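J.: One structure coming up, written as structure tokens, with questions to follow.
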């Protein structure tokens, strides 16, 4: 029986249930990402207490380890994206990452159940006599952190893109609306998973102990892996292609190879290689030394008959060069976000502070010390909703200008709020420390007759700082980078979070070493009543102010390249 053209057209647009991909794959993908987030985020808030009480580590050592763990988790996201784009594809990378997370959380869970994997408890009669973890015990602990970091680095950058692969159908007239809805729901589930992690999981750890508190995240990751692999027959699995990272390295290598070429002799755009599939046709005036990478020396030797380069490590396209230039131009503005991320990652010390305070809301309910970051998350979510649904429409009504505040202005507001949050943290800690009733030596720190609710305002400020600066930075990157680099924005932002983790670990160790020099008591002493966390917060507040001045300097000298805009506008007009 013959099939008419109309029937063939309908077959091309069959319901999703009859083809691979589509909405039916979303439960598997979102459950995978959500449970991974609940598990990993649920382990972090109380981890400093676990390391100090179970592994008998000093506060500085524990905080440094957790900062490096955070940095590694975010830094490996770049590696995960590279492996996905260049070699294995997104499905394989997400699967490997999910299994790695399961392996890591299971090992961490075992440290709570197998006595040989952790040091013995401190002597209750002499708290100064505490056994340190043996090299093997320490290695097992760090190995579990490392494997969990690999899992996070592989899953997080690829999961959202893998989900988009299932729904992206250019032939569907509603494709844009479907993709917007997907991203909204995706981030909504991430927000909810963060709330669950910082409340329910942390509460379970406080109420039922480490074995159950770490066992539940391990079980959640098991469900996460099972859900993702169960949907495997339904997925659209896009093959790996050339990575943007590789293109950057090719531009650098080609520029070095052609370093002796005189750019003054190249006075015609025909000397530059235009790839057939390139969207960018005009070079920028910044970083002119990189222009050498796309100069054609011998057309017959350098260009294949199909118009592509014969050796991409010697001749690159104009689009590749412009992409790298655009990345270099946004680096200064991007770097100003690192201090904000560092301020947001002071949970370890904040947990130690609130643990010594009165955390009761009602007489029979006490907030876990590790759950106070939930106030930051709630502030972030509420502000985004208020800004998007109320303030932006009001501004558009009275000014006649669509959209909200400019990305750069929002970034600046975020930097100011970050400085204010650290200043308030220093003041609050100074008050808390002055009320400490028993500043004795040892890990058992006496309680302070002060409500932990005094810490809520600084979390609110940090939530607003993150909402203004982080979202403003992402929008800035999207507006400044070429459209072909839009998928690279998340990787750049994640790299900033990784660097903030490394820098946070460095500054903690430097402050501890300098302030304890000569036998003095460190500002970051494990007994925070004897240390001076308020001085440490004043230091962070000062660095935040310096960072804001650096931001203002960038705003003054980092101007858009007018030549680029004119050339791109000209090419767009000619193309039309």
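Quick reminder: no glycine exception, Cβ is built from N, Cα and C everywhere.
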J.: Which one of 7-27, 28-48, 91-111 shows up in TrEMBL as transmembrane segment?
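T.: Checking TrEMBL against the ranges 7-27, 28-48, 91-111, the transmembrane segment one is 91-111.
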J.: Among 165-184, 185-204, where does TrEMBL put the label transmembrane segment?
T.: 185-204
J.: Could you give the residue numbers and ranges of same-chain residues that sit at least 6 residues beyond the transmembrane segment (535-553) on either side and whose C-beta is under 8 angstroms from one of its C-beta atoms?
T.: 333, 336, 339-340, 342-343, 346, 349, 411-412, 415-416, 418-419, 422-423, 425-426, 429, 511, 515, 523-524
J.: Determine which recorded stretch among 91-111, 185-204, 485-508 has the most C-beta pairs below 8 angstroms with the transmembrane segment (367-387).
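T.: The listed stretch sharing the most Cβ pairs with the transmembrane segment (367-387) is 185-204.
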J.: Where among 91-111, 138-164, 185-204, 485-508 do we find the most Cβ pairs under 8 Å to the transmembrane segment (59-79)?
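T.: Ranked by Cβ pairs under 8 Å, first place goes to 485-508.
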J.: Under 8 Å for C-beta pairs, could you tell me which stretch among 91-111, 185-204, 210-230, 485-508 has the largest tally with the transmembrane segment (138-164)?
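T.: Between the stretches 91-111, 185-204, 210-230, 485-508, 91-111 has the largest tally.
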J.: Apart from its near flanks, which chain residues at least 6 from the ends of the transmembrane segment (485-508) lie with a Cβ under 8 angstroms of it?
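T.: Apart from its flanks, the transmembrane segment (485-508) reaches 60, 63-64, 67-75, 77-78, 81, 156-157, 160-161, 244, 323, 326-327, 330, 334-335, 337-339, 341-342, 345, 470, 473-474, 477-478, 524.
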